[in-house]
């Protein structure tokens, strides 16, 4: 027992270290999300439940599901002791030092759940094969990749959000599935869905996996489904969990007849196809192609410049992008694309269930597909794929290669989030730290099986370095700064989109390829 | 994992922590009319950029020496001029004569913080990296642990990036000097140390060990033969470096003498504020300043300083090894800090640097000392609004060093630590002694934590407004005195040091 406790002391060091580092960013720049969450604290604290989803004094209305509102309500009980003024709805843009301190600390402390989840994940990966060296243990590398994740540090502790806490639920649920405790995993995921509904994107993977691998208890020898092994009891248990969590969360609002109001807050389709800054996905490539064609058309006199939609050349600065040449995209088209792109993965998970790892892979594909094809995707959503992929990356060499491409491009695409010069050294250094560690740490893990990256991938990632230097250092000093202010954002999202799409295709290929391999015992 | 990646990750982490601290407030932020050290540095930029060099150190209508007059040696002035040159390109308002006084803005703060980071990245951090890679023993992992422990020492980070100063420059040059001497490059080492001395006169704290080490080395080589040539070369290197640094001031003797007068302000009294040295602590019992004249105070402190620094220096002269050199650096700088005239609380950094170099050899004692040194500057940090970074970095450092250097485990096996005492107190069993040390350590950390919390939470009683600063400085003083005695004893207990040297190799 004592020996085991000792072997985990490095984990405590990593966790405490990163938590203290987070505290150093208390006075750093924070985005409007800070005010969003302050406003929610105020709403949940000072208004009755029935007005939570009706209140609109601030433009940042409550648009997360009810459990998150209750979470804010819980936080507000502690916030009272820091500065009661932050809990008043009419105090817009209120940010006293005590408020900042409280909000920042609340993120750091709720991250404890994330730390616990990471520890559970680390327990699931490869038992050490006699490697004494801490630095080259899979569990150590995984712990660093998750705890010190660049994106999470930047988005949560500088930009300001509660992703760490939410990812804690997700990773804990994944870990429970990997450990075979499916009911706990399902419960955690149900709670997570009612905390933030963006996780609906990965719900198909959960649904298929639980139905196939939990409700059917046995397979034929070739892996095909054995219909007779269906266990209604298990299905009932799952159904019970999902219904009771939903009832707890939505019940009060259904009783008051506010469900339509709540749903309209949660799913605002008024927003455009792309966020102000294009997330590096398929639509970024689509927009860029549209612009390229429009420019080409004008140059070749096929199009009249006056006929082009006005906003199209101001780049990512407006919400509604009107396409000039290519057909415009509607929400239903994006939904259809997303569904089509995850269908093969779901089918594969249904036909050949291969345990928790395959489930995790399918979850990843769902997350990436929705990131690539979704409507109004935020660049931060790439973390939904990067974090779970870390688990696979420490176990297989191929996944490690994909991880390096996806994490590097995905993290770099977060750079525009922090645009203030004071935070430049932090984002550059943290990014370099994480990237150097992921390259050398994963490289050391899989050293015996050759290099992680193919030559072309390496060239692509080195190109990213050039893009970074160009956008962050050269461009601000160049004369184009006035004429083409959107250029760095456009280049960044297009270049990163290529990498994210490529990782998606490689992940898909590796999943489908393993379909044809004989089932491993 | 390769060493290069561990080293670069450590350096990047050190930069992130530094920058994280620098997001906080600085000394004298928004406190007219005098502001603080931040304004002092900005004012020096203004003065050096706008006035001819001959007026830098003189009181003129354009240069009011009572308002943060330049009182550091020429290299600091040149550095200020260089920064001002860049500042003038970015925004001339920052260094405009007279009208820029008290200038504060987020952009300017960013600029000032960047200048500190640039000097650190150019001078201090590389010196630490090279020291850890070339002059310490053990595995790569061990060396990287040491690197991280030195780079993340909170005292220096908080003063340079929080309070605002450029200690990284002078300490960095001094460290380059130590590094060069350790590698056997005596001339380059002396040059580097002269640069340090010409950046901040406080580097005199380290001067005796440098002098004694080099002299002892020459003497060993034979003062009439090779040693003399070596000595002559070093002397030439020192003289040339000094001459180059002072070149613009040399033609006019009144210039040079004015600079010297500015650098050594004997008129400012035995001590200011609450500093954890002998005089200030003694002051709580006896009011020295009331019955000694200013001159006799000066002589007394001078005599006591020399007396305290002498034993370790003589020892170093007799045995000029690198090991003794490092210990003598600690002892001499502590002697200066404890007994010399006009000491600032920030000067403890000069003792902390050589103690950092001993982290590998005496993890337990060094960590203890470094914690106490950060704690001793607490009143300053509170005044500057640096409570959060102080708490975060101190707790982090304690945790980090105990994890990386396993300082507490070393305490039990630390015969090298305690063997010297067993001679003095032979009636005590060794294990008991180790245990006692550990409890003393726990008690002292708890005391520091309690005093830190009390200083923040409680208002002092009205008739004792300085209660907490005095308690803090007295506590820290006891720690420093203990460390001073301990490291002196260690330096004089030869057999033990040999053993630990072997252990390192």
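From the backbone N, Cα and C atoms, a Cβ is placed for every residue, glycine too.
All TrEMBL annotations are machine predictions without curation.
Looking at B:323-341, B:418-436, the stretch flagged in TrEMBL as transmembrane segment turns out to be B:323-341. Listed ranges B:259-278, B:439-458; the one TrEMBL annotates as transmembrane segment is B:439-458. Comparison of B:146-164, B:176-197, B:298-317, B:323-341, B:470-490 by number of C-beta pairs under 8 angstroms to the transmembrane segment (B:229-249) places B:176-197 first.
Only pairs six or more apart in sequence are counted, and the transmembrane segment (B:470-490) with the transmembrane segment (B:348-370) gives three or more Cβ pairs under 8 Å, enough to call it a contact. Using the rule of three or more Cβ pairs under 8 Å, pairs at least 6 apart in sequence, the transmembrane segment (B:204-223) is not in contact with the transmembrane segment (B:439-458).
Taking residue pairs at least 6 apart in sequence, the transmembrane segment (B:298-317) and the transmembrane segment (B:348-370) share fewer than three C-beta contacts under 8 angstroms. Within the same chain, residues 73, 75, 123, 127, 130-131, 134-135, 170, 203-204, 206-207, 210, 213-214, 217, 230, 233-234, 237-238, 241-242, 245, 322, 325-326, 329, 354, 357 sit at least 6 positions outside the transmembrane segment (B:176-197) and bring their C-beta atoms closer than 8 Å to a C-beta of that stretch. The transmembrane segment (B:146-164) and the transmembrane segment (B:390-408) are in contact, since at least 3 Cβ pairs between them lie under 8 Å (pairs 6 or more apart in sequence). Cβ atoms under 8 Å from those of the transmembrane segment (B:390-408) belong to residues 17, 21, 145-146, 148-149, 152-154, 157-158, 162, 359-360, 363-364, 366-367, 370-371, 374-375, 378, 381, 438, 441, 445, 452 of the same chain, restricted to positions at least 6 beyond its ends. For the transmembrane segment (B:439-458), the residues of the chain that approach it from at least six positions outside its boundaries are 364, 368, 371-372, 375, 378-379, 382, 387, 390-391, 398, 408, 411, 468-469, 471-472, 475, 479, judged by C-beta separation under 8 angstroms.
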